[in-house]
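Per TrEMBL, the features are as follows:
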- 76-89, 289-301: NAD(+) binding site (BINDING)
- R96, R106, R134, D225: substrate binding site (BINDING)
- D225, D249, D253: Mg(2+) binding site (BINDING)
- 4-360: domain 'Isopropylmalate dehydrogenase-like' (DOMAIN)
- Y141: site 'Important for catalysis' (SITE)
- K192: site 'Important for catalysis' (SITE)
Amino acid sequence: MTKTLLLLPGDGIGPEAMAEVEKLIDVLNAEESAGFETDRGLVGGSAYDAHGAAISEEDMAKAMAADAVLFGAVGGPKWDDVPYDVRPEAGLLRLRKDMELFANLRPAICYPALASASSLRPEVVEGLDILIVRELTGGVYFGEPKEIVDLGNGQKRGIDTQVYDTFEIERIAGVAFELARTRGNKVCSMEKRNVMKSGVLWNEVVTATHKANYSDVELTHMLADAGGMQLVRWPKQFDVIVTDNLFGDMLSDVAAMLTGSLGMLPSASLGAPDPKTGKRKALYEPVHGSAPDIAGQGAANPIAMIASFAMCLRYSFEMVEQADRLERAIAAVLDSGIRTGDIMAEGARQVGTVEMGDAIIAQYRELAG
Ligand code: NAD
Ligand code: IPM
Ligand code: MN
(Lines of atoms letter the chains of each structure in order from A; the text may use other names.)
(Lines give C-alpha, C1' and ligand atoms only; values in the text may rest on other atoms or scores of the structure.)
(Ligands and ions follow the chains in the order given, each with its own letter.)
Protein backbone atom coordinates (compact mmCIF):
# COMPACT_ATOMS: atom_id res chain seq x y z
CA MET A 1 0.00 0.00 0.00
CA THR A 2 1.41 3.41 -0.86
CA LYS A 3 1.88 5.94 1.87
CA THR A 4 1.82 9.57 0.83
CA LEU A 5 4.16 12.01 2.50
CA LEU A 6 4.24 15.74 1.86
CA LEU A 7 7.64 17.27 2.59
CA LEU A 8 7.66 20.93 3.58
CA PRO A 9 11.35 21.71 4.24
CA GLY A 10 10.81 25.46 4.79
CA ASP A 11 13.65 27.87 5.52
CA GLY A 12 17.09 28.07 7.09
CA ILE A 13 18.25 24.71 8.42
CA GLY A 14 14.84 23.15 7.58
CA PRO A 15 15.93 21.91 4.12
CA GLU A 16 19.32 20.78 5.45
CA ALA A 17 17.71 18.58 8.10
CA MET A 18 14.98 17.37 5.71
CA ALA A 19 17.59 16.16 3.21
CA GLU A 20 18.77 13.60 5.78
CA VAL A 21 15.22 12.28 6.22
CA GLU A 22 14.82 12.03 2.43
CA LYS A 23 17.83 9.72 2.33
CA LEU A 24 16.20 7.57 5.01
CA ILE A 25 12.93 7.41 3.07
CA ASP A 26 14.90 6.15 0.06
CA VAL A 27 16.48 3.44 2.20
CA LEU A 28 13.10 2.38 3.61
CA ASN A 29 11.62 2.22 0.11
CA ALA A 30 14.54 0.38 -1.45
CA GLU A 31 15.34 -2.06 1.33
CA GLU A 32 12.07 -2.56 3.18
CA SER A 33 9.51 -1.91 0.40
CA ALA A 34 7.96 0.74 2.61
CA GLY A 35 6.03 2.26 -0.32
CA PHE A 36 6.46 5.92 0.57
CA GLU A 37 5.41 8.33 -2.15
CA THR A 38 6.76 11.79 -1.49
CA ASP A 39 5.69 15.14 -2.80
CA ARG A 40 7.18 18.52 -1.91
CA GLY A 41 5.82 21.95 -1.17
CA LEU A 42 6.92 25.37 0.00
CA VAL A 43 6.20 26.89 3.37
CA GLY A 44 7.37 29.94 5.29
CA GLY A 45 9.72 32.49 3.79
CA SER A 46 10.42 30.31 0.76
CA ALA A 47 6.68 30.20 -0.01
CA TYR A 48 6.40 33.95 0.55
CA ASP A 49 9.21 34.59 -1.93
CA ALA A 50 7.52 32.35 -4.53
CA HIS A 51 3.83 33.18 -3.99
CA GLY A 52 3.54 36.12 -1.59
CA ALA A 53 1.88 33.81 0.98
CA ALA A 54 3.34 31.68 3.77
CA ILE A 55 1.78 28.62 2.13
CA SER A 56 -0.06 28.41 -1.21
CA GLU A 57 -3.61 27.05 -1.51
CA GLU A 58 -2.23 24.25 -3.66
CA ASP A 59 0.25 23.15 -1.00
CA MET A 60 -2.42 23.50 1.70
CA ALA A 61 -4.62 21.11 -0.32
CA LYS A 62 -1.72 18.67 -0.66
CA ALA A 63 -1.19 18.79 3.11
CA MET A 64 -4.87 18.07 3.77
CA ALA A 65 -4.75 15.07 1.42
CA ALA A 66 -1.41 13.51 2.48
CA ASP A 67 -1.21 10.59 4.90
CA ALA A 68 1.37 12.64 6.82
CA VAL A 69 3.27 15.90 6.48
CA LEU A 70 6.94 16.33 7.38
CA PHE A 71 7.78 19.91 8.26
CA GLY A 72 11.29 21.38 8.57
CA ALA A 73 11.39 24.90 10.02
CA VAL A 74 10.34 28.39 8.98
CA GLY A 75 11.41 31.96 9.51
CA GLY A 76 14.50 34.11 9.37
CA PRO A 77 15.70 37.70 9.40
CA LYS A 78 15.06 38.09 5.66
CA TRP A 79 11.32 38.12 6.39
CA ASP A 80 11.34 40.18 9.59
CA ASP A 81 9.49 43.04 7.93
CA VAL A 82 6.88 41.20 5.84
CA PRO A 83 3.23 41.84 6.75
CA TYR A 84 2.03 39.93 9.84
CA ASP A 85 -0.51 37.75 8.00
CA VAL A 86 2.03 36.37 5.54
CA ARG A 87 5.05 36.07 7.83
CA PRO A 88 6.72 32.64 7.63
CA GLU A 89 5.32 31.45 10.98
CA ALA A 90 1.77 32.04 9.67
CA GLY A 91 2.25 29.08 7.31
CA LEU A 92 2.85 26.71 10.20
CA LEU A 93 -0.06 28.15 12.20
CA ARG A 94 -2.40 27.73 9.22
CA LEU A 95 -1.33 24.10 8.76
CA ARG A 96 -2.00 23.37 12.43
CA LYS A 97 -5.37 25.15 12.43
CA ASP A 98 -6.77 23.93 9.10
CA MET A 99 -5.60 20.35 9.66
CA GLU A 100 -7.05 20.58 13.23
CA LEU A 101 -3.83 19.28 14.76
CA PHE A 102 -4.87 19.92 18.34
CA ALA A 103 -2.42 17.52 20.03
CA ASN A 104 1.28 18.29 19.95
CA LEU A 105 3.43 15.55 21.46
CA ARG A 106 6.88 16.77 22.47
CA PRO A 107 8.95 14.01 24.06
CA ALA A 108 12.14 15.07 25.81
CA ILE A 109 14.52 12.17 26.24
CA CYS A 110 18.04 12.57 27.53
CA TYR A 111 20.17 10.02 25.71
CA PRO A 112 22.79 8.58 28.10
CA ALA A 113 25.66 9.87 25.97
CA LEU A 114 24.28 13.42 26.20
CA ALA A 115 23.84 13.80 29.96
CA SER A 116 26.95 15.96 30.00
CA ALA A 117 25.73 18.16 27.09
CA SER A 118 22.94 19.65 29.21
CA SER A 119 23.57 22.87 31.09
CA LEU A 120 22.25 21.04 34.16
CA ARG A 121 24.21 18.53 36.24
CA PRO A 122 24.27 15.03 34.68
CA GLU A 123 22.43 13.42 37.60
CA VAL A 124 19.52 15.83 37.09
CA VAL A 125 18.95 14.79 33.46
CA GLU A 126 20.40 11.28 33.09
CA GLY A 127 17.68 8.83 32.06
CA LEU A 128 15.12 11.62 31.62
CA ASP A 129 12.06 10.59 29.59
CA ILE A 130 9.17 13.02 29.74
CA LEU A 131 6.40 13.89 27.32
CA ILE A 132 4.90 17.34 26.99
CA VAL A 133 1.41 17.25 25.50
CA ARG A 134 0.77 20.75 24.21
CA GLU A 135 -2.68 21.94 23.10
CA LEU A 136 -2.01 23.32 19.61
CA THR A 137 -5.10 24.85 17.99
CA GLY A 138 -6.54 27.03 20.74
CA GLY A 139 -5.63 29.45 23.47
CA VAL A 140 -3.98 32.80 22.95
CA TYR A 141 -2.47 31.75 19.60
CA PHE A 142 -5.87 31.79 17.92
CA GLY A 143 -8.38 33.51 20.27
CA GLU A 144 -10.33 36.51 18.94
CA PRO A 145 -10.08 39.45 19.10
CA LYS A 146 -6.44 39.51 18.07
CA GLU A 147 -5.48 42.94 16.84
CA ILE A 148 -3.72 46.23 17.35
CA VAL A 149 -6.25 49.01 17.92
CA ASP A 150 -5.41 52.66 17.41
CA LEU A 151 -6.84 54.48 20.43
CA GLY A 152 -6.58 57.83 18.65
CA ASN A 153 -4.69 59.58 21.44
CA GLY A 154 -1.25 58.60 20.25
CA GLN A 155 -1.65 55.26 21.98
CA LYS A 156 -2.24 51.85 20.48
CA ARG A 157 -3.52 48.68 22.16
CA GLY A 158 -2.25 45.20 21.30
CA ILE A 159 -4.82 42.54 22.03
CA ASP A 160 -4.55 38.75 22.15
CA THR A 161 -7.28 36.63 23.64
CA GLN A 162 -6.81 33.47 25.67
CA VAL A 163 -9.88 31.27 25.17
CA TYR A 164 -10.56 27.61 25.86
CA ASP A 165 -13.84 25.74 25.52
CA THR A 166 -14.64 22.58 27.48
CA PHE A 167 -14.30 20.24 24.47
CA GLU A 168 -10.82 21.54 23.66
CA ILE A 169 -9.58 20.82 27.17
CA GLU A 170 -11.35 17.45 27.33
CA ARG A 171 -9.81 16.16 24.13
CA ILE A 172 -6.23 17.20 24.93
CA ALA A 173 -6.56 15.81 28.46
CA GLY A 174 -7.81 12.54 26.96
CA VAL A 175 -4.72 12.33 24.75
CA ALA A 176 -2.45 12.95 27.74
CA PHE A 177 -4.16 10.31 29.92
CA GLU A 178 -4.17 7.71 27.12
CA LEU A 179 -0.45 8.25 26.49
CA ALA A 180 0.34 8.18 30.21
CA ARG A 181 -1.16 4.68 30.37
CA THR A 182 1.44 3.51 27.83
CA ARG A 183 4.36 4.87 29.90
CA GLY A 184 4.72 6.06 33.54
CA ASN A 185 0.94 6.43 34.22
CA LYS A 186 1.32 9.96 35.62
CA VAL A 187 -0.04 13.25 34.29
CA CYS A 188 0.77 16.71 35.59
CA SER A 189 -1.55 19.43 34.29
CA MET A 190 -0.17 22.98 34.17
CA GLU A 191 -2.14 26.24 33.98
CA LYS A 192 -2.42 29.50 35.90
CA ARG A 193 -5.78 29.20 37.64
CA ASN A 194 -4.60 31.76 40.20
CA VAL A 195 -4.86 34.57 37.61
CA MET A 196 -6.62 33.22 34.52
CA LYS A 197 -10.26 32.21 34.05
CA SER A 198 -9.20 29.84 31.28
CA GLY A 199 -6.86 28.30 33.85
CA VAL A 200 -9.76 27.75 36.28
CA LEU A 201 -11.74 26.01 33.55
CA TRP A 202 -8.68 24.02 32.41
CA ASN A 203 -8.18 22.71 35.93
CA GLU A 204 -11.87 21.83 36.35
CA VAL A 205 -12.17 20.02 33.03
CA VAL A 206 -8.93 18.05 33.43
CA THR A 207 -10.07 16.99 36.90
CA ALA A 208 -13.51 15.95 35.65
CA THR A 209 -12.08 14.05 32.66
CA HIS A 210 -9.76 12.22 35.02
CA LYS A 211 -12.57 11.32 37.39
CA ALA A 212 -14.88 10.15 34.61
CA ASN A 213 -12.51 8.01 32.55
CA TYR A 214 -8.94 7.86 33.80
CA SER A 215 -8.91 7.50 37.58
CA ASP A 216 -6.30 4.72 37.23
CA VAL A 217 -3.78 7.39 36.11
CA GLU A 218 -2.10 9.56 38.76
CA LEU A 219 -3.06 13.22 38.22
CA THR A 220 -1.40 16.27 39.76
CA HIS A 221 -1.79 19.98 39.04
CA MET A 222 0.86 22.68 39.04
CA LEU A 223 0.82 26.38 38.32
CA ALA A 224 2.70 26.77 35.04
CA ASP A 225 5.35 29.15 36.38
CA ALA A 226 6.16 26.75 39.21
CA GLY A 227 6.11 23.96 36.61
CA GLY A 228 8.88 25.72 34.69
CA MET A 229 10.91 25.94 37.88
CA GLN A 230 10.32 22.26 38.72
CA LEU A 231 11.31 21.22 35.18
CA VAL A 232 14.74 22.69 35.76
CA ARG A 233 15.01 21.70 39.43
CA TRP A 234 14.11 17.99 39.18
CA PRO A 235 12.64 17.08 35.77
CA LYS A 236 12.51 13.34 36.50
CA GLN A 237 9.50 13.91 38.80
CA PHE A 238 7.41 14.24 35.60
CA ASP A 239 6.06 11.65 33.21
CA VAL A 240 3.43 13.37 31.01
CA ILE A 241 2.81 17.12 31.25
CA VAL A 242 -0.39 18.48 29.69
CA THR A 243 -0.68 22.19 29.13
CA ASP A 244 -2.03 24.90 26.86
CA ASN A 245 -0.65 26.28 23.62
CA LEU A 246 1.54 29.11 24.95
CA PHE A 247 2.74 27.45 28.16
CA GLY A 248 3.48 24.32 26.10
CA ASP A 249 5.57 26.34 23.66
CA MET A 250 7.69 27.81 26.44
CA LEU A 251 7.95 24.70 28.60
CA SER A 252 9.04 22.57 25.64
CA ASP A 253 11.93 24.91 24.84
CA VAL A 254 12.95 24.58 28.49
CA ALA A 255 12.66 20.80 28.24
CA ALA A 256 14.80 20.87 25.11
CA MET A 257 17.75 22.10 27.08
CA LEU A 258 17.37 19.20 29.52
CA THR A 259 18.16 16.92 26.59
CA GLY A 260 21.24 18.91 25.59
CA SER A 261 19.98 20.96 22.63
CA LEU A 262 16.94 22.21 20.76
CA GLY A 263 18.43 20.22 17.88
CA MET A 264 17.41 17.01 19.69
CA LEU A 265 13.67 17.56 20.22
CA PRO A 266 11.13 16.02 17.81
CA SER A 267 7.38 16.50 17.82
CA ALA A 268 4.18 15.07 16.40
CA SER A 269 1.12 17.23 15.80
CA LEU A 270 -1.97 15.06 15.57
CA GLY A 271 -5.65 15.53 14.77
CA ALA A 272 -8.60 13.49 15.99
CA PRO A 273 -9.08 10.01 14.47
CA ASP A 274 -11.53 10.03 11.57
CA PRO A 275 -14.71 8.30 12.83
CA LYS A 276 -14.93 6.17 9.64
CA THR A 277 -11.31 5.25 8.87
CA GLY A 278 -9.68 5.77 12.27
CA LYS A 279 -6.90 7.69 10.53
CA ARG A 280 -5.53 10.93 12.00
CA LYS A 281 -4.23 13.94 10.13
CA ALA A 282 -0.66 14.45 11.23
CA LEU A 283 2.31 16.73 10.82
CA TYR A 284 5.76 15.97 12.21
CA GLU A 285 8.02 18.88 13.06
CA PRO A 286 11.16 19.40 15.10
CA VAL A 287 10.66 21.78 18.01
CA HIS A 288 13.51 24.03 16.85
CA GLY A 289 13.28 26.87 14.37
CA SER A 290 15.22 27.79 11.26
CA ALA A 291 18.39 28.63 13.26
CA PRO A 292 19.46 31.57 11.08
CA ASP A 293 22.75 31.81 12.99
CA ILE A 294 23.98 28.47 11.59
CA ALA A 295 21.87 28.07 8.41
CA GLY A 296 23.76 27.31 5.22
CA GLN A 297 26.82 26.02 7.04
CA GLY A 298 25.95 22.31 7.03
CA ALA A 299 26.31 22.40 10.81
CA ALA A 300 22.71 21.80 11.95
CA ASN A 301 21.89 18.80 14.08
CA PRO A 302 19.44 16.67 12.01
CA ILE A 303 18.43 14.46 14.96
CA ALA A 304 15.26 16.41 15.88
CA MET A 305 14.07 16.07 12.26
CA ILE A 306 15.06 12.40 12.01
CA ALA A 307 13.42 11.61 15.37
CA SER A 308 10.29 13.44 14.13
CA PHE A 309 10.29 11.02 11.19
CA ALA A 310 10.55 8.14 13.69
CA MET A 311 7.41 9.52 15.36
CA CYS A 312 5.78 9.61 11.91
CA LEU A 313 6.60 5.93 11.35
CA ARG A 314 5.12 5.11 14.76
CA TYR A 315 1.98 7.25 14.83
CA SER A 316 0.95 7.54 11.16
CA PHE A 317 2.06 4.21 9.72
CA GLU A 318 2.22 1.81 12.66
CA MET A 319 5.82 0.99 11.63
CA VAL A 320 6.74 0.56 15.27
CA GLU A 321 9.64 -1.77 14.62
CA GLN A 322 11.27 0.69 12.21
CA ALA A 323 10.59 3.61 14.56
CA ASP A 324 12.25 1.78 17.46
CA ARG A 325 15.18 0.81 15.28
CA LEU A 326 15.67 4.38 14.11
CA GLU A 327 15.62 5.65 17.70
CA ARG A 328 18.13 2.97 18.68
CA ALA A 329 20.31 3.99 15.74
CA ILE A 330 20.33 7.60 17.00
CA ALA A 331 21.34 6.46 20.50
CA ALA A 332 24.08 4.19 19.13
CA VAL A 333 25.55 6.94 16.97
CA LEU A 334 25.66 9.29 19.96
CA ASP A 335 27.32 6.51 21.99
CA SER A 336 29.93 6.15 19.27
CA GLY A 337 31.14 9.66 20.11
CA ILE A 338 30.25 11.76 17.10
CA ARG A 339 28.50 15.06 17.69
CA THR A 340 27.19 18.08 15.84
CA GLY A 341 28.38 21.40 17.25
CA ASP A 342 25.31 22.02 19.44
CA ILE A 343 25.92 18.84 21.48
CA MET A 344 29.70 18.79 21.21
CA ALA A 345 31.55 17.32 24.22
CA GLU A 346 35.15 16.85 25.21
CA GLY A 347 36.71 13.85 23.50
CA ALA A 348 33.92 13.61 20.89
CA ARG A 349 34.44 14.09 17.15
CA GLN A 350 32.57 17.03 15.63
CA VAL A 351 30.68 16.38 12.42
CA GLY A 352 28.24 18.25 10.19
CA THR A 353 24.61 17.61 9.26
CA VAL A 354 25.32 15.23 6.38
CA GLU A 355 27.85 13.14 8.26
CA MET A 356 25.49 12.81 11.24
CA GLY A 357 22.65 11.78 8.91
CA ASP A 358 24.87 9.25 7.12
CA ALA A 359 26.04 7.75 10.42
CA ILE A 360 22.45 7.28 11.64
CA ILE A 361 21.40 5.71 8.35
CA ALA A 362 24.40 3.35 8.37
CA GLN A 363 23.55 2.35 11.94
CA TYR A 364 19.88 1.88 11.04
CA ARG A 365 20.82 -0.47 8.20
CA GLU A 366 23.17 -2.38 10.45
CA LEU A 367 20.45 -2.85 13.07
CA ALA A 368 18.08 -4.00 10.30
CA GLY A 369 20.56 -6.82 9.70
P1 NAD B 1 15.79 28.53 16.74
O2 NAD B 1 15.21 27.27 17.27
O3 NAD B 1 15.78 28.68 15.27
O4 NAD B 1 17.28 28.69 17.28
C5 NAD B 1 17.61 28.85 18.66
C6 NAD B 1 19.07 28.44 18.90
O7 NAD B 1 19.17 27.02 18.83
C8 NAD B 1 20.03 28.97 17.85
O9 NAD B 1 21.24 29.30 18.44
C10 NAD B 1 20.22 27.79 16.90
O11 NAD B 1 21.46 27.76 16.23
C12 NAD B 1 20.08 26.60 17.83
N13 NAD B 1 19.51 25.46 17.12
C14 NAD B 1 18.21 25.26 16.82
N15 NAD B 1 18.05 24.14 16.13
C16 NAD B 1 19.26 23.59 15.98
C17 NAD B 1 19.75 22.42 15.35
N18 NAD B 1 18.92 21.55 14.71
N19 NAD B 1 21.09 22.17 15.38
C20 NAD B 1 21.93 23.01 16.01
N21 NAD B 1 21.52 24.14 16.64
C22 NAD B 1 20.20 24.43 16.61
O23 NAD B 1 14.97 29.74 17.42
P24 NAD B 1 15.05 31.31 17.14
O25 NAD B 1 16.44 31.69 16.81
O26 NAD B 1 14.34 31.91 18.27
O27 NAD B 1 14.14 31.54 15.86
C28 NAD B 1 14.62 31.66 14.54
C29 NAD B 1 13.44 31.68 13.58
O30 NAD B 1 12.81 30.40 13.60
C31 NAD B 1 12.35 32.70 13.93
O32 NAD B 1 11.87 33.24 12.73
C33 NAD B 1 11.29 31.86 14.63
O34 NAD B 1 9.99 32.40 14.50
C35 NAD B 1 11.40 30.59 13.85
N36 NAD B 1 10.92 29.40 14.56
C37 NAD B 1 10.34 28.47 13.78
C38 NAD B 1 9.93 27.28 14.33
C39 NAD B 1 9.35 26.27 13.42
O40 NAD B 1 9.45 26.41 12.22
N41 NAD B 1 8.74 25.21 13.91
C42 NAD B 1 10.13 27.02 15.68
C43 NAD B 1 10.77 27.99 16.47
C44 NAD B 1 11.16 29.18 15.88
C1 IPM C 1 7.11 26.07 17.91
C2 IPM C 1 7.35 27.46 17.35
C3 IPM C 1 6.05 28.01 16.77
C4 IPM C 1 5.08 28.22 17.92
C5 IPM C 1 6.17 29.31 15.95
C6 IPM C 1 7.23 29.23 14.90
C7 IPM C 1 4.85 29.66 15.33
O8 IPM C 1 7.92 28.28 18.29
O9 IPM C 1 6.57 25.22 17.19
O10 IPM C 1 7.49 25.82 19.06
O11 IPM C 1 5.13 29.26 18.61
O12 IPM C 1 4.26 27.34 18.14
MN1 MN D 1 8.48 27.22 20.13
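Keep in mind that glycine also has a Cβ here, set from the backbone N, Cα and C atoms.
Projection of TrEMBL feature records onto the structure.
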| residue | record | Cβ neighbours (10 Å) |
| --- | --- | --- |
| G76 | NAD(+) binding site | 21 |
| P88 | NAD(+) binding site | 27 |
| R96 | substrate binding site | 22 |
| R106 | substrate binding site | 26 |
| K192 | site 'Important for catalysis' | 19 |
| D225 | substrate binding site | 14 |
| D249 | Mg(2+) binding site | 18 |
| A291 | NAD(+) binding site | 23 |
| A295 | NAD(+) binding site | 18 |
| A299 | NAD(+) binding site | 20 |
Spatial neighbour of A295 (NAD(+) binding site) that is closest, considering only the recorded positions R96, R134, K192 and their CA atoms
R96
For ligand 3, pick out the binding-site residues G76, D225, A291, A299 that have a CB under 6 angstroms away from one of its atoms.
none
Please list the recorded positions from R96, K192, D249, A291, A295 whose Cβ falls under 6 Å of any atom in ligand 2.
D249
I need the CA-to-CA distance for D249 (Mg(2+) binding site) versus A299 (NAD(+) binding site), whole Å please.
25
Taking only the residues the record lists as binding substrate, namely R96, R106, R134, D225, what is the largest Cα to Cα distance between any two of them, in Å to the nearest whole number?
26
Residue among recorded positions G76, P88, K192, D253 with Cα closest to the Cα of R134 (substrate binding site)
D253
Can you list which of these recorded positions (D80, R96, Y141, D249, A291) have a Cβ closer than 6 Å to ligand 1?
A291
Counting other C-beta atoms within 10 angstroms, the emptiest spot among the recorded positions Y84, Y141 is Y84
Any idea what the Cα distance is from R106 (substrate binding site) over to D253 (Mg(2+) binding site), rounded to a whole Å?
10
Using only C-alpha positions, which one of P88, Y141, K192, A299 is spatially nearest R96 (substrate binding site)? These are the recorded positions in the record.
Y141
Specify the nearest of the binding-site residues G76, D80, Y84 to D253 (Mg(2+) binding site), where nearness means the distance between Cα atoms.
G76
In DSSP terms, helix, strand or coil for Y84 (NAD(+) binding site)?
helix
For D80 (NAD(+) binding site): intrachain residues, at least 6 apart, with Cβ closer than 8 Å
none
